[in-house]
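The block underneath contains the structure these notes are about, expressed in structure tokens.
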Amino acid sequence: MAEEKKLFKVKIDNISVEVEPGTTILNAARRIGGDIVPPAMCYYSKLQGSGGKCRTCLVKVTKGSEADPRPMPKLVASCRTTVMDGMEVANITSPEVQEARKGVVEFLLLNHPLDCPVCDQAGECHLQDLSYEHGADTTRYEFKRRTFDRIDIGDKIQLHMTRCILCYRCVFTADQLTEKREHGVLGRGEAAEIGTYIQQSLDNNFIGNVIDVCPVGALTDKTFRFKNRVWFLKPVDAHRQCEDPKCCGKTVLWMRGDEIFRVTARKDQYGEVEEWICDTCRFDKKDVKDWVIEGPRKIDRHSVISQGHYVGVHKPKDTLVEVLDGRQPKLLLDIHNISEVNRPEIDLSKIDGPAHSDDFNKK
Amino acid sequence: MQALTSRARQVDRKPMTFIEKIYLWNIIKGMIITFKHIWKRKETVRYPEQKRPFSPVFRGLHILNRDAEGRENCTACGLCAVACPAEAITMEAAERKPGEEHLYREEKYAARYEINMLRCIFCGFCEEACPKDAIYLTETFAPANYKREGFIYGKQDLLIPAPGEKNKA
């Protein structure tokens, strides 16, 4: 029998939890769950080395440990600080932390273009949630926001460098998931940007996962670009037998009717993917016949994505046809004869990239 | 039995007197009320000649706005459609191509935008939700129509004419 590991007792917002030595404060908080979990924009539990960059997970350590009960002098990043035995941490109970987090959000939004009406990430964007919860409604920044020359990084992934908050998640994903990393961070400080240097296109079977790890709308799916808003789509759990041994084939299909608009990996409550999926599943399988559909995906009730999704609806039996002796009721207007929207001959989900004016005008 | 209110009266079942039987007094009483109304102020207006002023918050027919340079404001963000309690608004977005910058303000725009006026309840939530000042409710009634087809308003019905462009309607 191996020697039993001594568990560290930690108190986060006056809730006790016992965790193994070496656990970070953030992960200890996630063990408890609920409101006390600090938000994280750059930390990703599935990516080694991530964290410590965005500073949104700052917490106050009010008691260092049982042996040394002095509080830590400054707020610490909970994703990078490991727990000590008897440590006491304040997150939502500390006004200082809330104030600091508000400042961090303001800094993150300094150069963010706030083009949410255009951005495809809107509705599932962590920065949107974070600024809604913590941010001020106006900015004090008076200077021009930074802009970049647009770089084309391939025909499947769209990069919007202005929206990037430099969390480095995509770089870690490319480093750890794909065989050869082709993009990285160029420049320093304010000039830092995600790029492929010589406009080399990202070409790797797992590179599509950078879309899922991106907390903002900097990396988005080009095959889904401007096709629809996420809250008008119905997320459905589905799987398929994927040829790639590294791919689990378990995905979420974002559907409207029988059309598959987008395929993503399954994300847990912290917005982290449960298992990685390959690019074939993500970009090329946009047909219902390719998938085995398991059922609707559970979406948090407070998310905008859950709007208009009626679960467990009982459709009443229409007795009119029976009463009319099998005659169908006379329709005064079939909306599909008049409406220009959702025309069956224009299948938006089958268009490769974003739709353009000529896609709509073709007869 | 205890009466529920003090206004309850026992119905008078006595036979009518002669004065009551000839009914004249009741007719005169009724005509007094009728003729009194000739001299009273009328609550109605003579509609086609005379119109009531709209309240400043009146919500009528929708328009889609353009900016000062005549470019469409709408970016098809879908917030009006998600705010719409009657689910009257539908849209389809497209990406702006090079050379279309004078038509659309942002890189994404509504290629199709439809309001079903049969469903619309003119609550004005779409106007409130719009982050781009694109949709407004005007002080015009939605015109009546003999057919339901005429109530499906597309972009050509909703967009205000661009400056310089002659209004064909």
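Every residue gets a Cβ built from N, Cα and C, even glycine.
Taken verbatim from TrEMBL:
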BINDING   B:Cys74, B:Cys77, B:Cys80, B:Cys130  [4Fe-4S] cluster 1 binding site
BINDING   B:Cys84, B:Cys120, B:Cys123, B:Cys126  [4Fe-4S] cluster 2 binding site
DOMAIN    B:62-94  domain '4Fe-4S ferredoxin-type'
DOMAIN    B:111-140  domain '4Fe-4S ferredoxin-type'
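Taking the mean position of the Cβ atoms of B:Cys84, B:Cys120, B:Cys123, B:Cys126 as the [4Fe-4S] cluster 2 site, the remaining same-chain residues with a Cβ inside 8 Å of that point are B:Cys80, B:Ala83, B:Pro85, B:Ala86, B:Ala88, B:Ile89, B:Ile115, B:Ile121, B:Phe122, B:Gly124, B:Phe125. Counting in whole angstrom, B:Cys123 ([4Fe-4S] cluster 2 binding site) lies 19 from B:Cys77 ([4Fe-4S] cluster 1 binding site) by their C-alpha atoms. Across the fold, the C-alpha of B:Cys84 ([4Fe-4S] cluster 2 binding site) and the C-alpha of B:Cys130 ([4Fe-4S] cluster 1 binding site) stand 11 Å from each other. Neighbours of B:Cys126 ([4Fe-4S] cluster 2 binding site) among the binding-site residues B:Cys74, B:Cys77, B:Cys80, defined as a Cα within 10 Å of its Cα, are B:Cys80. Calculated from their C-alpha atoms, the gap between B:Cys80 ([4Fe-4S] cluster 1 binding site) and B:Cys120 ([4Fe-4S] cluster 2 binding site) amounts to 12 Å.
Cα of B:Cys77 ([4Fe-4S] cluster 1 binding site) to Cα of B:Cys120 ([4Fe-4S] cluster 2 binding site): a distance of 19 Å. Among the binding-site residues B:Cys77, B:Cys120, B:Cys130, the ones whose Cβ sits under 8 Å from a Cβ of chain A are, in sequence order, B:Cys77. B:Cys120 ([4Fe-4S] cluster 2 binding site) sits 19 Å from B:Cys74 ([4Fe-4S] cluster 1 binding site), taking the CA atoms of both as reference points.
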